[in-house]
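TrEMBL annotations:
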type: DOMAIN; residues: A:95-326; note: domain 'ABC transmembrane type-1'
type: TRANSMEM; residues: A:12-30; note: transmembrane segment
type: TRANSMEM; residues: A:101-122; note: transmembrane segment
type: TRANSMEM; residues: A:134-156; note: transmembrane segment
type: TRANSMEM; residues: A:203-222; note: transmembrane segment
type: TRANSMEM; residues: A:254-284; note: transmembrane segment
type: TRANSMEM; residues: A:304-329; note: transmembrane segment
Amino acid sequence: MLAYVLRRIAMMVPSIAGIIMITFILTRVLPGDPALMITGEQALPEFVDKVREQYGFNQPLLVQLWEYLKQLARGDLGFAWHTGHAVASDFVSRFPATIELTLVSMVIALIVAIPLGIVAASRQNSIFDHFARVLSFIGSSVPIFWLGLLLIGLFYSKLGWLPAPMGRISDNINPPTHITGLYVLDSLLSWDMVALKDSLRHLLLPALCLSMGTMAIVTKMIRASMLEVIRQDFMRTARAKGLSERAVIYKHGLINALIPTLTVIGLQFGALLGGAVITETIFVWPGIGNYVTESILSADYAPIQAMTLISAVLYGCINLIVELLYGVLDPRVRYE
Amino acid sequence: MTKLLEIDHLSIEFASPTGPIQVVSSISLDLEPGQTHGIVGESGSGKSVTSLSIMRLLPKDQARVVEGDIRLQGQSLLGMSESQMQKVRGNRIAFIFQEPMTALNPVFKIGRQVREAIRQHSKKSKRAAQKEAIALLSEVGISSPEQIVNVYPHQLSGGMRQRVMIAMAIASNPEILIADEPTTALDVTIQAQILDLMKKLQKERGMAMILITHDLGVVAEVCDVVSVMYAGQIVEQGDVKTLFREPKHPYTVGLLNSIPQFSGKEKRLQAISGQVPHPAEYPAGCRIAARCPSRMDMCDNIEPTLYELDHGHRCKCHLYRGDENVTYS
């Protein structure tokens, strides 16, 4: 088991090396002169050249790559000039916002998707099944930017039920004491009901928006794998024991149907943790996705490269965790 | 006296894109306490459908009983509510399936699955049920039951899994045990062990048994009464000794001739030519006519009834009609 984990981690090394190379080259190839972005359009050419030299942008690509690798080897992710902070400290301050958004959107998605998928499968072609199919169709095809604007338009502009889509908490409310960085959790831990209520109100729309895609795909997966499980012989055995249909489905069916769905949930989770770029931008959510967007718009190489690298590592780790979870759910899985 | 189990002119239809298809037609059989009734037939003859219909385990959206009734001690099973039926399943009638490899839930330990069968119909604590599960496993011939309760199905052989299935089936001391080809998926040596085990348990616990099989050897060894099924109908029914000694129906005769004999001279095995027709293509007359060596002209158009011969020996063939009971339909 431990050997398996170590081997899997070792296997991540080549893919991460590849990702480092590709992001490095892609950022350099993209149009936009970082020196000009730093100095501003109106700067004197001599000053621009000086900045170019200072950041090493005038060096040959291979030299720049070598410098970058040396810097990574020291554990330094670089400096984000557009924020004026080290990338690592930017990441630390922004990552909790993304984790919070991702977790809440996953929870919303799973709370809806798992029961809906089960009901859809156990009552195939019923009204629930049609509803599930329509929902997963809409969820997977509606563009997030459109849905986000629609939600804002309805709940903020029209009805006024929710605060302006600006960040995680209103300006006039103090964020809760920093414990984990997740506002909802922190305000619960420090029993700050004002902050809790306000941060939940800010979280609701972006989380809902972000959950749609996951909800759609998980509903589909649960429905499909449940339909397969329902026809299995052991389900008939359970019925023959005299179990109620509900017990048969929830006790014997659900775990078996969750096994294939776990992959999808893990992949979604990993992808969202890498930053939900569109959702975070629409809702001005101060997370990783927003940070990456800002970095790209300012041609700020270091944070783009660093965030891509971190996303890749996170993604790999989550995949590994999913594989280990397989072993927890399914006793037939062995790690060799 | 009311019979333990009585299947009374049961007909079952399955939905199909081209309209309903009748896969079981007007089947009747009785089961006395402690008796073993064998149902023999080729694949597709409707024997599994019949057995599943007793437990009402056929898929509701596809199968429908269109005629007849199934009564357990006089009480109609078909008229029961779903929750009443749940009290029958596993408790008064238990089932052993053909495929031990897939009939156990792969993600639960054996102990949990046996305990579930025990606790479903009794109010026992988990601890008591675990103890009883171990006792049951040892009763079905598993040598180290304390270890087996803690393993998963995939760690057991087919024969062991079938023993576990049997342990679960007898957990609530059912009056009737239905076994659908319980040994078909097993090695020959294991088959004999499992049959012996089932015979032993049946005797000790006084259960009645319905044994579905395509193996006449198994029937001869285990059963008291046998029904031969062909194309959704019972073509011959009677006690095992009579039926094996004096098979009446040409189909039964054909079946018996297709068993290899080890005594006497070497003979070529006689196969029954042709195939079971698809349920949608059953002919108007006798359903075996096309494959029957004794076919007469009337067989193509007139369906024979199940003629009573003697001592409950019945045969659905025009060869045995008395002149008075010909029915033209």
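Quick reminder: no glycine exception, Cβ is built from N, Cα and C everywhere.
TrEMBL entries are annotated by machine, without manual review.
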Thinking of Cβ pairs under 8 Å, which stretch from A:12-30, A:101-122, A:134-156, A:203-222 has the most of them with the transmembrane segment (A:304-329)?
A:12-30
Selection from A:12-30, A:101-122, A:134-156, A:254-284, the stretch that has most Cβ pairs under 8 A to the transmembrane segment (A:203-222):
A:101-122
Which residues, given as numbers and ranges, are at least 6 beyond the ends of the transmembrane segment (A:254-284) yet have a Cβ under 8 Å from it?
98-99, 101-102, 105-106, 109-110, 117-118, 121, 144-145, 148-149, 152, 165-167, 205-206, 209-210, 213-214, 217-218, 221-222, 225-226, 228-229, 232, 290-293, 307, 310-311, 314-315, 318-319, 321-322, 325-326, 329-330
Same chain, outside the transmembrane segment (A:101-122) by at least 6, Cβ under 8 Å from its Cβ: which residues?
128-129, 131-133, 135, 182, 184, 203, 206-212, 214-216, 218-224, 226-227, 230, 245, 249-250, 253-254, 257, 265, 268-269, 272-273, 276, 279-280, 285, 287
